[in-house]
């Protein structure tokens, strides 16, 4: 037997031994991990079958109702946006479907959902189909942080969770842009990733200022802290202005809608989507706008829920008026604004808040 045959035989024996030991290790490790659960199972006393409820349908319905309300709110917010844009541009808005065009959002949704969902030939099918669902799920997940005054679940670190959700939301845009296998959509996804890093750093300092003034991370407590009509807007007016710029960039709204730049990228990251996929992306985008409006009202104009609802509408209309009034900026202008202006302003504001709170 030559040396090469001996070497190959030795290697095969080593591989066999390695496989045996690896399987033995997996079995032994599984036994070690499951042994506590076996003890719990042995000490478990079965419940009365008459008292066992597999599904609490009341809890399921109550948990679904807020998300249904969000979807309805998105539909009517699109109608409100089109009405305000029509007034500003001195033209007729949607007025044909039902009385004063009230059912126009449902007509548009039905039309989109009935259209064919086309998957491009060279697209990555799995991520291409999953991206709209991921965007909608992340957008609706943020509504769990709505500052209810009475609720069974409170998020003690709601501010941190909101930062996480807003940071993760860019992954849906990245997935859709990459999976489409189109130059335009990929450029839109790259823009989204780059600008998310630039505006999230000032946004982190904004949360730092608000948390330092209130002393808590819960949106409910931040809102309750302002019940005496001492709004955080008064000492933090500059911070709120920076916050609104960050929210415009976060929701990809004009003048920071570079991800969807029609004049440059046709439609950006969603250029290859049609039918239901485009409708789901549309709903996710407008749901994020309404969520940003709610959180802006709770952070700077909190108090009771009536005040939060009123200022939420003010912020929601602000998004529409800005879209109708300002043209799209150049992409490098936003990056320059975030890194050289907003970051310096928020560093200065953070130092001032630390000094004032310490005094």
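Keep in mind that glycine also has a Cβ here, set from the backbone N, Cα and C atoms.
Quick look at what TrEMBL annotates:
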| type | residues | note |
| --- | --- | --- |
| TRANSMEM | 20-37 | transmembrane segment |
| TRANSMEM | 57-80 | transmembrane segment |
| TRANSMEM | 125-148 | transmembrane segment |
| TRANSMEM | 154-178 | transmembrane segment |
| TRANSMEM | 199-219 | transmembrane segment |
| TRANSMEM | 225-246 | transmembrane segment |
| TRANSMEM | 278-301 | transmembrane segment |
| TRANSMEM | 307-326 | transmembrane segment |
| TRANSMEM | 338-358 | transmembrane segment |
Seminar exercise, completed: Listed stretches 125-148, 199-219, 225-246, 278-301, 338-358 vs the transmembrane segment (154-178), most Cβ pairs under 8 Å: range 125-148
Exercise. By a Cβ-Cβ criterion of under 8 Å, what residues six or more beyond either terminus of the transmembrane segment (125-148) are in contact with it?
Worked result: 66-67, 70, 119, 155, 158, 161-162, 165-166, 168-169, 171-173, 175-176, 178-180, 219-220, 222-223, 272-273, 276-278, 280-281, 283-285, 287-288, 291, 294-295, 298, 302, 308
Exercise. Taking residues 6+ outside the transmembrane segment (57-80), which of them lie with a CB under 8 Å of any CB in it?
Worked result: 94, 101-102, 104-106, 108-109, 140, 143, 146, 283, 286-287, 289-290, 316-317, 320
For this session: Any chance you could find the range in 225-246, 278-301, 307-326, 338-358 with the most Cβ pairs under 8 Å to the transmembrane segment (199-219)?
Result: 338-358
Exercise. What stretch, picked from 225-246, 278-301, 338-358, has the most CB pairs under 8 A with the transmembrane segment (307-326)?
Worked result: 278-301
Exercise. Counting only residues 6+ away from its ends, which parts of the chain sit with a Cβ under 8 Å from the transmembrane segment (278-301)?
Worked result: 70-71, 73-74, 77-78, 109, 112-113, 132-133, 135-136, 138-140, 142-143, 145-147, 162, 169, 172, 176, 210, 219, 222-223, 226, 231-233, 236, 240, 243-244, 247, 250-253, 270, 307-316, 319
Problem set entry | Long-range neighbours of the transmembrane segment (338-358), counting only residues six or more past its ends (CB under 8 A) | 195, 198-199, 201-202, 205-206, 208-209, 212-213, 235-236, 238-239, 242, 245-246, 249
